[in-house]
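Following: one structure in structure tokens, then a few remarks.
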Amino acid sequence: MASEGITEIDSGLIESNYDNVVYKFDDLNLKPNIVRGIFGYGYETPSAIQQRAILPITEGRDVLAQAQSGTGKTATFTISALQRIDENEKSTQALILAPTRELALQIKNVITSIGLYLNVTVHASIGGTSMSDDIEAFKSGVQIVVGTPGRVFDMIERRYFRTDKVKMFILDEADEMLSSGFKEQIYNIFRLLPETTQVVLLSATMPQDVLEVTTKFMNNPVRILVKKDELTLEGIKQYFINVEVEDYKFDCLVDLYDSISVTQAVIFCNTRSKVEFLTNKLREQKFTVSAIHADLPQGERDTIMKEFRSGSSRILISTDLLARGIDVQQVSLVINYDLPANKENYIHRIGRGGRFGRKGVAINFVTDKDVGMMREIEKFYSTQITEMPADIGSLFA
């Protein structure tokens, strides 16, 4: 089924060296109880990435899959892992790594939901939680482990997590996972897995340095790559407001909120101190605001996310911690109070706004100093960020 080079599929929107595209879940040769779980989770037909990636993963092939946020890539490897798990073997068979605790917990929840009718155990091994709970889970036997690199490596090194039966190693958000901050930890974990372990990498962006690193991990991988000019999510309208200087941003934000009616919004800042500053200023103006950043205790972060999901908080202010994988369905507006320092995080941020075709708006506050960075982002994604129109209220009508 694999052909020699990269061939274009689906009017050139997706490139792949694997030519088997499956358009129905019923045709993927999945366990009946997985199909039952898929339909129960709300899927009716596979998304583009699911049509192309599930089959080679379930066949045991190494897969490098690129799909933007909101296309169902988490379910892609969830379905595949559940298919490959031997329910009678109680050892850990699949290891899934994610860059943040929040994303790891979200993945665990998706696995639990889709695997509802299977006899499969899943555990989140993440920093900021009880070490004793982790140890107990590994001692009792867990078949799928979702975790963050630091805690997972610690559990392996302490010999609570036995890796001899691991047959799948999945890295979600690979561009982040293989960045300088995680690369060494990933390598350390990889060296402790069986040589025959299948490797699956999924991400929204695949910079060249990441593609080069995959040669160290993977054996003749199936490549499913979205063309760079297709990375921006459909349904997300992108605008900028030229605020000239940093000091004008806050007044601009308040004016913006006076002009529009939005159910919920996420506002991104680049630093914890900026998040705290903006949160306090908005509360002084009587806005209902929540804030989240990496330095908050895990329990507090969970509570904040729960409140925002329930709708009791209308505005969530965050660092890039939230940009990777938190699924908040009601969000129609994302505001980049600061443009991301790393242009590859831009798509993760604006991807909060319109998942699975839901319409969304992204508004970027741009100082005179930021114009160059905004042009770089446009070039990187082959997209256009247009100036905010005068009648902005019509965008949210």
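Placed from the backbone N, Cα and C atoms, the Cβ positions cover glycine too.
Quick look at what Swiss-Prot annotates:
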type: BINDING; residues: Ala67, Gln68, Ser69, Gly70, Thr71, Gly72, Lys73, Thr74; note: ATP binding site
type: DOMAIN; residues: 54-224; note: domain 'Helicase ATP-binding'
type: DOMAIN; residues: 255-396; note: domain 'Helicase C-terminal'
type: MOTIF; residues: 23-51; note: motif 'Q motif'
type: MOTIF; residues: 172-175; note: motif 'DEAD box'
Practice task
Over the span of the domain 'Helicase C-terminal' (255-396), count residues by DSSP class, listing helix, strand and coil in order.
Solution key: 65 helix, 26 strand, 51 coil
Fill in the blank from the handout: For the domain 'Helicase C-terminal' (255-396), the averaged pLDDT of the predicted model is 82
Completion exercise
With neighbours defined as other CB atoms within 10 A, the best-packed of the binding-site residues Ala67, Gly72 is Ala67
Completion exercise
Counting every protein chain shown, other Cβ atoms within 10 Å of the Cβ of Lys73 (ATP binding site) number 23
Completion exercise
Secondary structure split (DSSP) over the motif 'Q motif' (23-51) reads 17 helix, 0 strand, 12 coil
